[in-house]
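Student: Sharing a structure here in structure tokens format.
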There are 2 protein chains.
Amino acid sequence: MASSVAETKELENHSDCCVKLCNPNVATMKEDVLYHFNLNTATHDFPAMFGDVKFVCVGGSPSRMKAFIRYVASELGLDHPGMDYPNICAGTDRYAMFKVGPVLSVSHGMGIPSIAIMLHELIKLLYHARCSGITVIRIGTSGGIGLEPGSVVITRQAVDACFKPEFEQVVLGKRVIRSTDLDEQLVQELTQCSADLSEFTTVVGNTMCTLDFYEGQGRLDGALCFYTEKDKQEYLKAAYAAGIRNIEMESSVFAAMCSACGLRGRRALGRCSPLPFFCPAGSASMPFSGTSPWAPHHQHLPSSHPAPKACFWMGWHPSRLCSARLCLACGQMQILSVSPVTHMPLGEMRKMLERPTSAELRFCC
Amino acid sequence: MASSVAETKELENHSDCCVKLCNPNVATMKEDVLYHFNLNTATHDFPAMFGDVKFVCVGGSPSRMKAFIRYVASELGLDHPGMDYPNICAGTDRYAMFKVGPVLSVSHGMGIPSIAIMLHELIKLLYHARCSGITVIRIGTSGGIGLEPGSVVITRQAVDACFKPEFEQVVLGKRVIRSTDLDEQLVQELTQCSADLSEFTTVVGNTMCTLDFYEGQGRLDGALCFYTEKDKQEYLKAAYAAGIRNIEMESSVFAAMCSACGLRGRRALGRCSPLPFFCPAGSASMPFSGTSPWAPHHQHLPSSHPAPKACFWMGWHPSRLCSARLCLACGQMQILSVSPVTHMPLGEMRKMLERPTSAELRFCC
């Protein structure tokens, strides 16, 4: 079994590019085809297209990620009347990608394999573009356990369906276990941030990442169900006792891949940080519905809708100075403040965001 | 550990509807929300919308499944100039669904979790619509092992990344192993069908279903790669020795769910059949490229293009009497013949396809 320690050592032998890969082969390739993005280093100028990226937000639905980039453009003052945000991945419908200023918004589909493919190609894209000081954020809905619908969960650790804090990958027929830990200090600061906002119920807990939506999450309404309501409740009680507060389908591989690639809060390297997830959580027995206010349908959520919000840091330790409020249902984001102690006017933040070099972007690198 | 035998017994206690569910709860529900299809039994008339469905073709890409339905409409004489095929799942971008006559075409995204969600809701859709005599076919590309690029693989068995012919699901924290067997007799007849056509290289072998596209399939160009070319070749040689001829990411759960729901070739029940997959296979080391003729981009493949083709049966034992030629790259299908011994004129077949009851459709029920 390969260990993450061995993998990390290998990582440190690689080049000193700001975004690191855990693969020495890529640097020697004449051409790199990011097949599922329909992008190719031989035909696209990655540094010109993506070199100024500082924030990457990823989520399941293409339309939600497009709505998100529209709002970001508006918030950053980078929009114009009638402006469109073309899909950078035109020519494939595997994923959709949008960009405005320093923000990239990418869809990842549903489930661990789907987001894993996207993350492999996203990390390579950032590497080829010579990006630095990147923050990657996953946004998404989830099913809550023992929580008021609409609550926000700050994930301490992603766990599997057996409640283990690990992600198992089969590589060349061998099982490799990778860590899914998240930054405890960051969790605490996020909790404080939520308390300061005082606009929604927030809990800190573990997030269970399953490989299946129906049987995997104990639902009683799939095409297959060989257990009872009582069995399900016992499982969810055990999950709750293990510190699990919500369930979704992508968190473990997101945490594991960022960690394996050294994308955690390692200040010396200036890499991007896997932030704890913020998931509006319904009760575990609540069926997801297109009409529920926390469903991922932005068309149900006009800007005045009292949708669930989440606050997250856009920076990372030791300079995680920017907080923002995010509507997780429609992907709309409102930048609120920078620094835990000082607040920066939005105009000043916009100017900082527009600057191309990470050295000047204290709040994001 | 639950066994498929126990599950099958439970299945047989259910109602006598032609499409069976492995869940007694659904029959008692007043309303069933197929959330990821954006369909609801309370607001949609399922029997009116889908009651005449006889064939369901599923594949990863929404655009490919739309191209597929266009071609089916043309082949069945059900198209009109300027005719559009609206997405039945409008309002969500999780999946796309199209229908013409008795054929339903549905996208499923990438990976086991994504296709599993779709299959849960698809099977329930067919149940609510009171469908009978259904044939479900998955079409898709794959990476070949030791094969000429463009070859077609007829899958004997889906296996996991450790070469085991099983699909593992974690249900309420317990590991459940389900069979991924396919009908051996059907495999033999498909092989004969291919020999009769003699238009492409066809092999019978096992298909490996992985949870990851890069590390999971031994690729050397992902963001993470902790093994060498030599390690990879040894793994692929071992896979070849285990009878594996191609690799993809959905076959095991497709086989397992159809099997668990009794959707195999069980003549007494008249249920739909999980057909062996036909995958145009490239060499294992060949990078997928948008410009390769077997890439899933129908825009690269005009009708005159010498694209790889696959032949499959649309019927199932004991009356699998219809063969068809399918371009797996663009999803275009050409109906060739019915019965292994007699050929039916296309016009006659069209008339049969248009008939609503399964009793008259000898070739599909």
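Count begins at 1; order follows the chain as displayed.
Quick reminder: no glycine exception, Cβ is built from N, Cα and C everywhere.
Please treat TrEMBL annotations as automatic predictions, because they have not gone through curation.
Feature table excerpt (TrEMBL):
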- A:Arg94, A:Arg138, A:Ile139, A:Gly140, A:Thr141: phosphate binding site (BINDING)
- A:Gln217, A:Arg219: substrate binding site (BINDING)
- A:54-264: domain 'Nucleoside phosphorylase' (DOMAIN)
Student: Validating a neighbour-count step here. Other CB atoms within 10 A of the CB of A:Ile139 (phosphate binding site): how many?
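Tutor: By my count, 25.
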Student: Of the binding-site residues A:Arg94, A:Gly140, A:Thr141, which sits closest to A:Gln217 (substrate binding site) by Cα distance?
Tutor: A:Thr141
Student: Taking DSSP three-state, what's A:Gln217 (substrate binding site) in: helix, strand or coil?
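Tutor: For A:Gln217 (substrate binding site) - judged by DSSP and reduced to three states - the answer is helix.
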Student: Once the DSSP letters are reduced so that anything not helix or strand counts as coil, what is A:Arg138 (phosphate binding site)?
Tutor: strand
Student: Which Cβ among the binding-site residues (A:Arg94, A:Arg138, A:Arg219) has the fewest C-beta neighbours inside 10 Å?
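Tutor: Result for the binding-site residues A:Arg94, A:Arg138, A:Arg219: minimum number of other Cβ atoms within 10 Å at A:Arg219.
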Student: Chain B proximity: which binding-site residues among A:Arg94, A:Arg138, A:Thr141 have CB distances under 8 Å? Answer 'none' if there are none.
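Tutor: Listed in sequence order, the binding-site residues near chain B are A:Arg94.
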Student: Have a look around A:Gly140 (phosphate binding site) and count the other CB atoms within 10 A of its CB, chains all included.
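Tutor: So the Cβ neighbour count for A:Gly140 (phosphate binding site) comes to 24.
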Student: Given the binding-site residues A:Arg94, A:Arg138, A:Ile139, A:Gly140, A:Thr141, state which is nearest to A:Arg219 (substrate binding site) when distance is taken between Cα atoms.
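Tutor: Comparing Cα positions, the candidate nearest A:Arg219 (substrate binding site) turns out to be A:Thr141.
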Student: How many neighbouring Cβ atoms, not counting its own, are there within 10 Å of the Cβ of A:Gln217 (substrate binding site)?
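Tutor: Neighbour count, Cβ to Cβ under the 10 Å cut-off: 24.
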Student: Across the record's phosphate-binding residues A:Arg94, A:Arg138, A:Ile139, A:Gly140, A:Thr141, the largest CA-CA distance in angstrom?
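Tutor: Looking at A:Arg94, A:Arg138, A:Ile139, A:Gly140, A:Thr141 as a set, their Cα atoms extend up to 21 Å apart.
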